[in-house]
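Trainee: Feature list, courtesy of TrEMBL:
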| type | residues | note |
| --- | --- | --- |
| TRANSMEM | 20-41 | transmembrane segment |
| TRANSMEM | 72-94 | transmembrane segment |
| TRANSMEM | 106-129 | transmembrane segment |
| DOMAIN | 122-191 | domain 'Connexin cysteine-rich' |
| TRANSMEM | 168-189 | transmembrane segment |
């Protein structure tokens, strides 16, 4: 008989797919963003240069090119996606629901499925926002509208550093989001199958 307190065991999701998603894939995604993301995007603003190469024009165009930095966006995405699961585990801890009992009780099962559905919605929303903010390809040249800043010319041509690396990194982050959505969908099916008794033997 496991004597661990219920709150401690609730750190793990009640499904195999959920545990894989949280312990393995979530860690890989966080490591990828924290280490490689800083390498690819860390000094982007310093190397972003426009013609003419003036500090105020470079800064103005970079803010136009990046309304929000990718690292901040993806960090907010990771934190936001964790919220539904954190809320559910807080609910389960308050109700003293053990990890093994989550899928045995109908109410807790429904709440858990809702938390997974919310994760899917948040990931899909992040995918849509990312496509609108960053696109799918990073062009080596960015044409900046400086009409509000310069009187002589309206368009400044800017060089985007490491555009090929950024395109690869964007593709990886899109892939991570898609895989997360597919894992969440698979987790819902696992929950339904276990509720129907296909994956678990009935208690006698």
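First residue shown is number 1, and so on along the chain.
The backbone N, Cα and C atoms fix where each Cβ goes, glycine too.
Surface or core, plus neighbours and distances: that's what I need for these features.
Mentor: Residues of the domain 'Connexin cysteine-rich' (122-191) grouped by DSSP class, helix first, strand second and coil last, total 42 helix, 10 strand, 18 coil.
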Trainee: In the same chain, which residue numbers or ranges, 6 or more beyond the ends of the transmembrane segment (72-94), come under 8 angstroms Cβ to Cβ?
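Mentor: For the transmembrane segment (72-94), the list is 6-7, 10-11, 13, 22, 29-30, 33, 37, 102, 108, 111-112, 114-116, 118-119, 122-123, 126, 129-130, 133-134, 173, 177, 180.
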